[in-house]
């Protein structure tokens with residue numbers, strides 16, 4: 001830091017005002033920035049670069065300015081014809097931007113990844129305010145926390161000097177070499193996160209280290225946070241005491257604990273508050289103050305790369321909780337946060353801020369690596385619960401500052417309804433599709449809306465030549481000027497031909513014509529596009545649909561804990577139409593329905609006439625203390641027709657909704673052995689529904705990787721989708737044609753037969769398993785279905801784990817030809833030594849994919865060598881020829897013990913082709929890393945192009961243990 005090397009920017013020098021003491025030369029020109037056509041307020045911004053060797057940057061440099069109530073400017077580019085950010089330079093910029101009032105904090109970043117930048121301070125003059133934001137730190141990928149951006153808090157007072165003393169305990173063995181940081185919180189503001197550095201190693205056993213740091217005046221010191229980044233070879237630090245002196249204040253803190261990933265509380269930081277003077281008389285301990293309990297739901301969709309560095313600030317009617325790093329407040333410290341489908345819980349100690357008015361949540365990501373789908377947030381304080389419905393993507397890849405969002409609670413939200421229709425052309429996509437709507441001045445926008453749930457509650461599928469409708473809620477942007485739509489490229493089908501989008505809001509209808517590819521391989525290789533609306537026209541009047549009376553009877557199983565306190569929802573499908581999804585609330589007697597164990601609930605409803613009923617979708621929303629529901633059966637009476645649906649299924653977290661088709665039986669759903677709490681007599685004459693059924697003969701072939709013997713107690717199932725309908729789950733053990741108790745073994749074909757509904761021409765199948773306890777894996781090579789005289793084949797070559805399913809489309813089963821693959825793996829500097837490897841490689845190509853091939857002593861060419869850091873290891877195995885390689889997946893077997901891996905790069909040789917993949921990461925136990933081919937560069941090469949390439953080829957999918 002400034003006290004230890006280079007010239008110090010002495011924050012104690014200004015005696016009058018910051019402006020009068022500015023070191024900006026009088027002849028230094030002011031660099032103009034082009035003024036936009038829209039009238040905005042002028043900001044005068046001064047940037048001081050540190051006086052250290054190689055402390056300048058070539059930029060670009062961006063700044064974002066925030067007010068106390070979280071209003072913010074757009075990303076402001078600070079640029080000039082020459083190179084303004086040279087060593088020891090002080091440059092001034094005039095920038096026109098949105099008026100946010102008085103600035104409170106800023107985020108400043110640069111994108112020159114080849115060099116670092118040392119920032120002394122930034123000054124902002126606007127209205128009658130002159131505010132200094134002291135940094136005194138590096139923004140460098142090789143120093144400190146390796147970030148290129150920093151959040152700074154401003155002060156109108158001159159900077160001050162903080163004298164800091166750190167005592168490392170006698171328990172320390174080796175010298176800590178991980179970057180140590182501190183942040184000081186006061187009554188008026190907060191310092192930035194600054195690092196304690198010196199030329200000589202500090203933090204040795206039983207030593208006192210002293211530092212002098214210039215930063216903004218926080219007023220009276222209330223608390224500090226001190227810790228280290230955990231990025232060294234030695235990451236165990238026994239911190240004994242800390243002393244901070246500023247002006248006339250001096251605070252001393254006794255710590256006496258390990259800051260370590262493996263010892264003590266296994267935390268790398270500690271928060272310290274000043275001690276209060278002892279009371280004259282001992283007082284009884286105060287009752288524990290209530291905490292803010294925060295529950296954050298992450299979307300249940302694949303996400304390329306996630307982060308745990310999510311921050312939140314909460315604004316109340318009386319005061320606010322300043323931005324806080326959520327992982328520091330996690331209730332369970334040993335869990336991975338913000339992963340696919342996670343519900344994470346946090347506890348924040350803070351005084352009462354009054355009624356919560358809004359929250360701001362997000363993360364900093366100058367490298368544009370992260371994309372996070374925020375589903376919803378619940379905040380509980382005392383007896384109040386605030387719900388924030390988000391369902392939006394946060395990512396800087398979608399635009400500047402799009403990694404942050406401000407949300408109001410549901411009851412105070414002014415959101416409106418948007419009806420969105422997306423039409424796909426000749427090629428579909430299974431990646432995450434994202435929509436953003438821009439209003440009148442292009443500063444009023446919706447959040448990044450995730451198009452993942454259709455208006456009928458089903459998962460969105462952008463299939464070839466399909467039309468998908470959504471009902472969305474978002475902020476009213478006024479008159480729509482443009483939209484941005486695209487996908488994140490996460491999925492097997494990434495070449496999307498988008499025809500058009502239609503958006504209806506209030507009494508306005510907007511149509512956007514695309515008629516283009518959104519693909520990294522076609523046209524301009526863009527996966528996102530801005531679209532302008534066609535000439536605005538009034539919405540087409542919606543024809544009034546015929547209505548029909550439905551009497552719906554729901555029977556809950558009488559087994560123990562069969563009931564649910566969640567909201568029960570249903571959709572009815574017929575040969576003419578389908579209803580919207582509706583909730584079953586009040587029964588026929590006008591009372592609130594209770595779906596408890598052994599109850600029969602009857603509902604009478606006026607809904608759209610769907611014609612003859614051929615399917616229902618029923619389930620619950622998962623909200624409540626006991627969401628799991630054991631559904632026995634459903635009966636629907638429509639006019640003189642009665643339709644019976646047998647479920648006998650537990651709807652839990654893994655399956656909250658189920659499709660049911662009517663049975664051909666005339667029998668009323670049995671209520672024998674059911675303790676009916678709401679008795680009702682079912683007497684109407686029942687009429688069976690004519691449902692055409694046919695036989696399906698199914699043959700399933702396992703492959704040579706099938707090691708586990710799968711018995712008939714395994715819950716394998718298949719769902720057949722056709723042009724006219726779909727079957728319900730067909731459990732394979734119920735259709736086994738032989739008397740044997742074994743369903744699947746290695747390289748074996750097993751046959752099944754089912755008599756069920758005729759779905760018409762088969763367009764796809766879904767196969768999966770429900771087992772939640774077993775750890776066996778099912779390796780499916782191919783499937784053949786005989787329907788009447790037609791034979792449909794499906795090439796699978798996939799592994800199906802417990803509680804998962806895959807979707808297959810008709811395809812030719814290729815003839816298998818094996819070739820030899822030679823794998824050359826280069827380990828990184830953090831590779832653990834040893835011989836126990838549980839890492840697996842799956843290779844994908846134009847002719848299919850291989851199975852998971854182990855990279856261990858069984859496939860290692862030289863079986864005597866051990867795995868070690870910065871080494872090259874060669875493997876060799878024979879497997880099916882996938883043709884030209886398109887991608888690979890590196891994964892680990894959770895049930896096998898193995899060393900920790902750090903891989904630099906991977907090369908595959910097959911026939912006369914060589915394919916190289918940049919990895920440059922640790923392989924965690926719960927991750928799968930997807931890699932696409934890239935040209936191998938020298939390790940010293942640090943160009944921006946290289947970094948972008950290596951970032952874009954690695955996609956991480958985290959699998960939660962037990963799911």
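Start at 1 and count along the chain as shown; that gives each residue its number.
Any Cβ shown, glycine's included, is placed from N, Cα and C.
Features as listed in TrEMBL:
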type	residues	note
DOMAIN	41-153	domain 'PLAT'
DOMAIN	160-273	domain 'PLAT'
DOMAIN	290-408	domain 'PLAT'
DOMAIN	416-532	domain 'PLAT'
DOMAIN	548-665	domain 'PLAT'
DOMAIN	694-814	domain 'PLAT'
DOMAIN	819-937	domain 'PLAT'
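Between the domain 'PLAT' (41-153) and the domain 'PLAT' (694-814) there are fewer than 3 Cβ pairs closer than 8 Å, counting only pairs 6 or more residues apart in sequence, which means the two stretches are not in contact. Residue counts for the domain 'PLAT' (416-532) under DSSP, split into helix (H, G, I), strand (E, B) and coil, are 0 helix, 62 strand, 55 coil. In terms of DSSP secondary structure, the domain 'PLAT' (548-665) contains 0 helix, 63 strand, 55 coil.
For the domain 'PLAT' (290-408), the predicted model reports an average pLDDT of 83.
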